[in-house]
2 protein chains.
Amino acid sequence: MTMKSDVEIARAAQLRPIAEIAGTLGIAEEHIEPYGRYKAKLTPAALAGANGANGKLILVTAINPTPAGEGKTTTSVGLADALHRQGKKTVVALREPSLGPCFGMKGGAAGGGYAQVVPMEDINLHFTGDFHAITTAHNLLAALIDNHIFQGNALDLDVNRIVWKRVLDINDRALRHVVTGLGGRVHGIPRESGFDITVASEMMAILCLSDGLTDMKRRLGRILIGWTRGGRPVHADELGATGALTLLFKDAIKPNLVQTIGGTPAFIHGGPFANIAHGCSSVMATKYALKCVDYVVTEAGFGADLGAEKFFDIKCRLAGLSPNAVVIVATVRALKMNGGVPKDALGTENLDALRRGAANLEKHIENVGKYGVPAVVAVNVFPTDTEAELALLTELCARLGVTAVRSEVWAKGGEGGLALADAVMDALGKPADFHPIYDAKKSIAEKIETIAKEIYGADGVDFTDAAQKQMAEMETLGMTETPVCMAKTQYSLSDNPALLGRPAGFRITVRELRASCGAGFVVALTGNVLTMPGLPKVPAAMGMDITEDGVITGLF
Amino acid sequence: MTMKSDVEIARAAQLRPIAEIAGTLGIAEEHIEPYGRYKAKLTPAALAGANGANGKLILVTAINPTPAGEGKTTTSVGLADALHRQGKKTVVALREPSLGPCFGMKGGAAGGGYAQVVPMEDINLHFTGDFHAITTAHNLLAALIDNHIFQGNALDLDVNRIVWKRVLDINDRALRHVVTGLGGRVHGIPRESGFDITVASEMMAILCLSDGLTDMKRRLGRILIGWTRGGRPVHADELGATGALTLLFKDAIKPNLVQTIGGTPAFIHGGPFANIAHGCSSVMATKYALKCVDYVVTEAGFGADLGAEKFFDIKCRLAGLSPNAVVIVATVRALKMNGGVPKDALGTENLDALRRGAANLEKHIENVGKYGVPAVVAVNVFPTDTEAELALLTELCARLGVTAVRSEVWAKGGEGGLALADAVMDALGKPADFHPIYDAKKSIAEKIETIAKEIYGADGVDFTDAAQKQMAEMETLGMTETPVCMAKTQYSLSDNPALLGRPAGFRITVRELRASCGAGFVVALTGNVLTMPGLPKVPAAMGMDITEDGVITGLF
């Protein structure tokens, strides 16, 4: 039997009309806006008629990942399908994939194998246009800034201190650093600038943190666009077009409803970068879901040191959410890599390396405990894993007082996640006492130090001169009592991607602080954070095709 | 009674569910893909079940416009509504509005008053995402080009001769001329480039001329992206990602179905620039419409010298369409302006100026006759028009053997277009013998000279040295037997926007030729053609807003 590709599996799935899926949530057909036959947006009115549940919130996070990712989305979908199979009312709440990585490295981001959200080809491509709305609004604001300067610069903006760049949902390294406004007097004012990928836009974070259009408008207006020559911060509102920016989000703000291959309702909405933003799907989608069903499975970007920390300290704090259980996804392969095994030897049994690498998992388990939420480990099984390795991993987790279960959702869908579902139900039976790791009222330095010491295991934090100067600016901006959004490598608990496992005796260097005044957090950058990816030598786009009849190949 | 705004009128309209509208066309509900409740895409299967009509094609064009436009879209919608009221099966086929002008100068482009397509706020904003698909595919190709160079430049592309730029659907003059790839070795290769507005993308023209995905893929592959250092032309296919580009259009290629306020089905699909492209809605939408109903009303950009010429010589020629009647929209105000009246005096009766300016209308009537298609003049009535002026205009047209009728569709909807509908029915009763104005097999110089002399009334054409050199390149590109797409000012029959009325004794200067190898035409540029608009001092965006409940203001 030949292995089927993700797109083949997805196309073979029997989908139910989206109105039927909405119906299972208690949402009437007139409260959804269909996009094709199998996608819909949920209107605010949908909530009114929803089942009225008060669901439990389950976060799926992971150990520090290898470059290929550890299967958080796949595990989230499979777990939700397993709960659904057990007759439990469940929704999986995911992030929307970005087009850039889809055509670059990854191919797609809608789960994998038999644990996918469908229609995967739509979700991976333009979906319902939410990201395009962000691209448009972000670039409209940029155009308004340059136009303001061109038309006389009444605000006295300093062209060397415009912080608002442009975005495209494409991997395009040539746009990272550009000079715009060239060509002479009638073509604008020359200045240095650049493009980020759309998912890195502050507007994406705003979309994901807003609780409605009014809140969103307020946040959009507060975006810091730059500074005057006199050193005064200038916010988007001063350009007078916050209403127009909000208008562009009139549909994007509505959560999207699709389904998994297993027939579980899926809310897919927003997808902010997990480094310069908080990397979680929208607050509105999560809150809608909790009103509709008893169990909501959601995910956060990268490993638990980044994704879960920001899910807890930013999303849950700002939205008043209280998570009830956490699933930490681990793979034998990635733990062996954390134990020092090179990439090309990961297929060989190596219990010593696994034992060493499991220190990474151990730290993440400890960390989740610090937030007061019960944890379960999901071992995402690969064909190369040996029974001895899997048994050792279970044993190591048991010693830490945590259940580890094998997850085979990629190969078997919900059926492969039934054991995981049982373990999650056990965890939900334990008392949860969620609390963020730091007090937002503390100083920025104290907040960062708490995260670095408690979560990363660092000895302390060093701030560069630039970062110290920016810390003072945060006072001017009124951004001292907000959460902190850490931008750090996902490959290590430290800020050095080479330090795998559970490093010790290191310090974190914060080299820059940025104010996301609209999103409502201060970004602390450690190391080099790339906000516009590049394409590889052979982009995934090369292998893609579609026939006249719509048969798609090359989308993973 | 206070005057209602366009968005207020549109929101007050009673819309029918889009499946019902499709039903009137013989299209089954399972063959449409709904986007919300009042928009849908038509699948290829829709055609199979359509009414099976063999409709008459009516083009709405105009005299040389004033900067505000003369109401072609409004007249098209109103005429279609009038025919619909008379019980005639009708579809209006329009272009999609661009977001750039919406937030810049114009506010919106979905008709006006009681002759609008609805939901106008959706149509004017992201609609069904077609333009976003173009932005994405266009910029993916650009990223692939820069990545190819960065990864070793196996094709030996000359970085100074890359002709493929980037696009955004925003008015942003600062992006016209940029330098990309700055910032050092890992951030790409520095080179001069720029951004056009999305509607100016060759991919927009391709979308509008394709008859399906296979044809589209072939056209996308043929796009000229640049030249090697050895002087060989390089086409998109050589980058190996034509399949991926086509995949991005899997939904955009399907025509969009909406309705007018009067309940007439409207196909809105594509909207290429009327100067560097051909400015007509998609061939697929037109052909679908002709299969569904007996009367299809469509429009072409700018005045008849540009829009109608390209509709006939490019769209109809390439698609094998045979138009049956033409409506030329004129206003007393614009004719007086063509007769030398300054903008601030257009509200005062001036029969002499009207008589002089009517020479412009006369020339367009003559021109339409040269294509063998019967014409009708629609006088788009303004409150400032006097009875004497309107009577004179009717008389002047009668002397030319053409019926002129007053159109009051802006104020009255379809009811205000009944007289126009009668006149159009009369014209459809006359024999039509459509034929393009030039033979595509003639030389490029001969084709341009024919247009200049026959349509513009020029004495001849001068080619700059650059244009002559490019003419030789067209041989290399195999682009000598394609139609020519003229890029010229819309304000004058000549290439000088200051020459109003019916200028004589002038020559046309062609300063540049560009090969749109995918679209299948050679663009001949006269004067300065701006392919990225700028924002005005007070952009339309400033006045827009939306409330929590979705009530929109400031969208015209």
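Every residue gets a Cβ built from N, Cα and C, even glycine.
According to TrEMBL, the ATP binding site annotation covers A:Thr66, A:Pro67, A:Ala68, A:Gly69, A:Glu70, A:Gly71, A:Lys72, A:Thr73.
Within the same chain, residues at least six positions away from A:Lys72 (ATP binding site) with a Cβ under 8 Å of its Cβ are A:Val60, A:Thr61, A:Ala62, A:Glu299, A:Ala300, A:Gly307, A:Val329. For A:Thr73 (ATP binding site), other Cβ atoms within 10 Å of its Cβ number 23. For A:Gly71 (ATP binding site), the same-chain residues 6+ apart in sequence whose C-beta sits under 8 angstroms from its C-beta are A:Ala62, A:Gly112, A:Val329, A:Thr331, A:Asn380, A:Trp410. Take the CB of A:Glu70 (ATP binding site) and look out to 10 A: across all protein chains shown you find 24 other CB atoms. Counted within 10 Å of its Cβ, the other Cβ atoms near A:Thr66 (ATP binding site) come to 19, all protein chains included.
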